[in-house]
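Beneath this line is the structure, given in structure tokens, with notes to follow.
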Amino acid sequence: MEKLSILTERQQTELNYAIIQYLQPLCQQDNHALLDQLSKILNIDQWTQESNNVEKVDNYLEKRWSTVLRLQKKIIDLENEISNLNNIINSSNSDNNGIVLSKDKINWIPKGTAKQSYQCENIVTTVKLHPNLPLVLNGCNDGNLYIWNISNDDNTIPEKMIKAHTRAINKICFTYKKPYYLATCSSDLTIKIWDEKFNHIRTLNGHEHTVSSIQFSPIDNSILYSVSRDKNIRVWDIFQGISLKSFVGHSEWCRDLDIVSSDNNGDFVLTCSNDQSARLSHASSGAGLAMIVGHGHVVETVKFLPALQANKILDEYITKNIEQFPTIPLELLKDKTYNQLGFKYCITASRDNTIKLWLIPPPKIAPHRPPLPSKYNNSQSWMIAELRGHSSWVKCLCVHPNGRFIISGSDDKTIKFWDLSSLLETGSVNVVKTIIGHDGFINDIDFARLKEASDSTPTSQEDLLKEVEKRMRCLFISGSADNSIKLWN
């Protein structure tokens, strides 16, 4: 019985030619008779001549074989990805705290297995996902800037490596609007600006000590903010290359900052320091508007909480437990000034191993004048909750795009995901996921920025959540003192 072939007649002919082509250079002079015999078996009588029907390609069999291997690897990768996605769908996404997470994309958190890992020669000090492209950037303590392409099969070789600074790179940030300029700051006292193709275009000098952190204005690509060990907060025009303003915000080393923009009142700067405090300042005037005091050690990082979900959850929690907050006027929670400002709550992380959540008193807003310190609580912020779970310094924070989850990285080598909504159920912000994968301190984390906004402007929270879900990029990275960057699945 004749065996059925899975190949077409043309494919069979191409395969036969490829076999002869592969064997020809391997055969010695005295083996040519054997090769002739094999050619007849394969119905290739003139294997040394070009065929009119079959296109002859050099090293055809080897190329086909390597293609099969690549496809097999790709299939395995896709099967693993499907398995991980199925696990996410089938899992209830619950922890020992009994908090059940939604299976919707809006509440996506990584399962805890690294999809890819990138290894550097030195300690990774900072990481950042590109706002638009599939690129991971990281800075190291030797001053090198690495750029990795997520879509590359080979994750051992960076897309690009730049000797950006002479000492450690402490922070990387991108502009919020196209074109996406990049800024890096360093312990060499400088800030460097890079274009979209990562060409160096300008160096900003002015700080007298380590530049700890930087961030662009959300509404103006030309404006960059920086904080330093020299205690100064500086405002830069990156195109002119000049410092527009400098003011002292703290009595000791300024560690980190976060920026929020208001349509009518410009930018507001939230900073933290070795003096164990955080401070809200008005960028244009440099005026201090509110203080955050309550940590027992260096405050490493600060973040504004977005209004999406967080405001509603925290307002409800305070209202239901107002007896715990006797100095917070209930009418303050409904103060419309917050709508003008673009901020209400913030979080801080410290070397005292805790994360604290704060209600910021609103500054006084007057027409044609810069904002003034708040009339409430002597301009002191109210601590709403304390997040305990890390066993060592909490070094980095980021906020999930949905505004509900807080993500923290610590010197205890763990990354934790905290659910604000658990406040309403248990009275505390509980951990819903702990990721363990690094062998060293977690120095930085980053959740991918949302895709570019559409022209529509959602108004209700439900519509806002749908818009965020549509624009979400489910990518999360971490950088560690173990010299690695991990992209989490």
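Using the three backbone atoms N, Cα and C, a Cβ is placed for every residue, glycine included.
Record features, source Swiss-Prot:
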COILED    66-98  coiled coil
REPEAT    119-158  repeat 'WD 1'
REPEAT    164-205  repeat 'WD 2'
REPEAT    206-246  repeat 'WD 3'
REPEAT    249-291  repeat 'WD 4'
REPEAT    328-368  repeat 'WD 5'
REPEAT    389-428  repeat 'WD 6'
REPEAT    437-486  repeat 'WD 7'
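On the 0 to 100 pLDDT scale, the model's mean across the repeat 'WD 4' (249-291) is 97. With a cut-off of 8 Å between Cβ atoms, the residues of this chain six or more beyond the repeat 'WD 6' (389-428) that come close are 97, 99, 101, 106-107, 109, 297, 300-303, 305-310, 313-314, 316-317, 320-321, 347, 349-351, 353-355, 434-436, 438-447, 450, 465, 468-469, 471-472, 476, 478, 480. When Cβ distances are compared across the two stretches, the repeat 'WD 1' (119-158) makes no contact with the repeat 'WD 4' (249-291), since fewer than 3 pairs at least 6 residues apart fall below 8 angstroms. Each residue in the repeat 'WD 4' (249-291) gets a DSSP state, and the totals come to 0 helix, 27 strand, 16 coil. Sequence-distant neighbours of the repeat 'WD 2' (164-205) (same chain, 6+ residues past either end, Cβ-Cβ under 8 Å): 125-128, 130-132, 137-145, 147, 211-219, 221, 224, 226, 236, 238, 241, 243, 449.
Outside the repeat 'WD 4' (249-291), and at least 6 residues removed from its termini, the chain residues within Cβ reach (under 8 Å) are 210, 212-219, 223, 225-229, 231-233, 235, 297-304, 340-343, 346, 348, 350, 358, 360-361, 363, 365, 370-374, 379-381.
Mapped onto DSSP helix, strand and coil, the repeat 'WD 3' (206-246) counts 0 helix, 23 strand, 18 coil.
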